[in-house]
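Taken from TrEMBL, the feature domain 'Lactate/malate dehydrogenase N-terminal' covers 6-152. What TrEMBL records for ASP42, ASN105, VAL129, GLY130, ASN131 is NAD(+) binding site. Per TrEMBL, substrate binding site is recorded for ARG92, ARG98, ASN131, ARG162. According to TrEMBL, the feature domain 'Lactate/malate dehydrogenase C-terminal' maps to 156-326. Summarising the annotation, TrEMBL assigns active site, proton acceptor to HIS187.
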Amino acid sequence: MSEPIRVVVTGAAGQIAYSLLYMIAKGDVFGPNQPLILHLLDIPLMMGVLEGVVMELADCAIPLLRGVVPTDDPAVAFKDVSAAFLVGSMPRKQGMERKDLLSANVRIFKVQGEALDKHAKKDVRVLVVGNPANTNALICSKYAPSIPSENFTAMTRLDQNRAQAQIAARLGLPVGNVSNVIIWGNHSSTQYPDASHAVVQTDGKQLKASDAIKDDNWLRSVFVETVQKRGATVIAARQMSSAMSAAKAAADHMRDWFNGTAPGQFVSMGVVSDGSYGTPKDVVFSFPVSIKNGKWEIVQGLTIDDFSRKMLDATGKELEEEKTDAVGIIGA
Ligand SMILES: NC(=O)C1=CN([C@@H]2O[C@H](COP(=O)(O)OP(=O)(O)OC[C@H]3O[C@@H](n4cnc5c(N)ncnc54)[C@H](O)[C@@H]3O)[C@@H](O)[C@H]2O)C=CC1
Ligand SMILES: O=C([O-])CC(=O)C(=O)O
């Protein structure tokens, strides 16, 4: 067994963390041979609730979990961490867009960027879950200049998982038979779920998802809209935003980042854009990436048709607007 690593989860007394902490502690993310010490950050008001979470983690009796540090102090929470799940922030309510949360949440990511910069390991890998996740991740990275910007990512894995599930359901296949669906752009209703490069395993053969589905109109309309609006649909049903599926997606994202992707497989992550595929630079844009030795690379050379071009441009434009708004809020 290796030495324990330190992993921070913010918003540790909240809904998503309630599912996520168990997955991390039992080895779903860093593997069955990697002991860990969990740092749990929440706000002072939530310290009583957090104490209950700490009790439950102890009561899970998980051998890999070597310590738990509950705190309301970012300096303690981010000290020497190798991985950071930035969940803590306000969720949206019915009728809101995620960008409506910018004024409530973006300052949190400035403060946490500064704390990561001062206290975390320089190779810390950061996943921003709190909405609006892409722009929060960008701001966090800007306030942590001593940590490479490629170490800051935003979560679009839930959208990817939703998209895979929609295609699997349409074809009556197990969800594990669908891969390489792409989420481009913002984790918002302008995101572009793109199945044009997706593949499915069916009857022992690998097929393009579009050849198996044989309905391009569905793939460009119902499929896209269902995935774009899935978060809002869950809120309407549960009166609370997705939590179990968000926790699973956060675990998937970080597991793949640490462990890598299989040859030929790609996954979607919000990363600081280098302008690939004609997207705006210096916004956190979700791309298909492949991951090796802990480093992600944007998958290059995919065909972008006229429909895709329009979708990429629209979501890129929204990200540029969000960035301007965020800078305005922080400067105010
Ligand atoms: N990127 C994605 O795919 C998804 C993102 N989300 C977002 O994740 C965030 C958390 O959602 P839930 O866990 O359901 O919310 P929640 O309200 O149940 O929990 C949030 C927790 O964060 C804490 N918190 C607030 N400010 C904090 C700060 N400065 N430092 C540390 N903790 C702080 C709160 O006290 C609360 O305990 C929301 O912004 C939500 O919109 C949710 C689902 C999917
Ligand atoms: O919709 C929301 O506000 C929560 C979220 O990000 C999602 O479920 O995708």
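The backbone N, Cα and C atoms fix where each Cβ goes, and this holds for glycine too.
Of all Cβ atoms in the protein chains displayed, 21 besides its own lie within 10 Å of the Cβ of ARG162 (substrate binding site).
Between the alpha carbons (Cα) of VAL129 (NAD(+) binding site) and HIS187 (active site, proton acceptor) lies a span of roughly 10 Å. Recorded residues GLY130 (NAD(+) binding site) and ARG162 (substrate binding site) have their alpha carbons 18 Å apart, per Cα-Cα distance. Sorted by the number of other CB atoms within 10 A, the binding-site residues ASN105, ASN131 start with ASN105, the lowest. Mean model confidence for the domain 'Lactate/malate dehydrogenase N-terminal' (6-152) is a pLDDT of 97. Candidate binding-site residues: VAL129, ASN131, ARG162. Those with a Cβ under 6 Å from ligand 1, in sequence order, are VAL129, ASN131. For ARG162 (substrate binding site), the nearest of the recorded positions by C-alpha distance turns out to be HIS187; the candidates were ASP42, ASN131, HIS187. Secondary structure of the domain 'Lactate/malate dehydrogenase N-terminal' (6-152) per DSSP, as helix, strand and coil residue counts: 66 helix, 27 strand, 54 coil. Between ASP42 (NAD(+) binding site) and ARG98 (substrate binding site), the C-alpha separation comes to 21 Å.
In this structure, ARG92, ASN131 are the binding-site residues from ASP42, ARG92, VAL129, GLY130, ASN131, ARG162 whose C-beta falls under 6 Å of some atom of ligand 2. Neighbour density for HIS187 (active site, proton acceptor): within 10 A of its CB lie 29 other CB atoms from the protein chains shown. Of all the recorded positions in the record (ARG92, ARG98, HIS187), the one with the smallest CA separation from ASN131 (NAD(+) binding site) is ARG98. You'll find the Cα of ARG92 (substrate binding site) roughly 13 Å from the Cα of the residue listed as 'active site, proton acceptor'. Among the residues the record lists as binding substrate, namely ARG92, ARG98, ASN131, ARG162, the two farthest apart have Cα atoms separated by 19 Å. Between the CA atoms of ASN105 (NAD(+) binding site) and ARG98 (substrate binding site) there is a gap of 10 Å.
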